[in-house]
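S.K.: Sharing a structure with you now.
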Amino acid sequence: MMRGSTEIDMPESSSVSKGTAPLIAAPMKEKGGYKKGIAIFDFILRLAAIATALAAAASMGTSDETLPFFTQFFQFQASYDDLPTFQFFVIAMAIVAGYLVLSLPFSIVAIVRPHAAGPRLLLIILDTVALTLNTAAGAAAAAIVYLAHNGNSSTNWLAICQQFGDFCQKNSGAVVASFITVVIFVFLLVLSAFALRRH
């Protein structure tokens with residue numbers, strides 16, 4: 001130091017580096033983006049499930065066939081409402097399709113707010129109920145469709161699908177569509193559980 005100088009020299013601290021700013025990572029944004037992707041896929045799957053559930057209900061509900069030959073006293077006709085199992089199937093698949101339509105706003109909330117656990121938890125509970133109803137209706141209808149195709153010799157139930165081909169074809173298509181809906185529901189439950197697990 002020079003004599004008479006009023007200047008004081010202060011050495012810089014070694015712990016502070018010049019010209020660097022701390023980097024701020026944004027893990028929440030990445031996590032939110034990941035959950036948002038799951039929510040968008042959930043919404044798309046719900047739209048697909050609506051289509052398959054409505055197709056199953058419509059196919060079964062319009063499955064009636066009248067054979068071209070008839071007698072003076074009998075007209076040979078097969079319709080879904082002849083069997084209570086098929087009536088249950090149509091009602092159950094209509095309920096499932098209605099639930100899926102009503103669940104779309106909750107799926108949209110999950111897209112807008114991917115970190116919200118409430119809508120996901122509600123969807124898991126209601127999806128499980130809808131999956132159970134869907135599986136019950138599909139399994140019951142599948143048993144009747146099997147009997148219509150193959151009959152049962154032990155109880156003398158004859159196969160009717162050789163005569164009522166269109167009726168059986170529509171019923172079989174409805175059962176296949178219902179089981180596709182079951183598979184979509186399983187994917188929806190896995191997605192929702194996965195999103196909640198990483199919450």
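Just so it is clear, glycine is given a Cβ too, placed from its N, Cα and C backbone atoms.
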S.K.: Going by the topological domains annotated in Swiss-Prot, do Ser63 and Ala195 sit on the same side of the membrane?
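M.R.: They are annotated on opposite sides of the bilayer.
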S.K.: Around the C-beta of Asn152 (N-linked glycosylation site), how many further C-beta atoms are within 10 angstroms, looking at every protein chain?
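M.R.: The answer is 11 other Cβ atoms.
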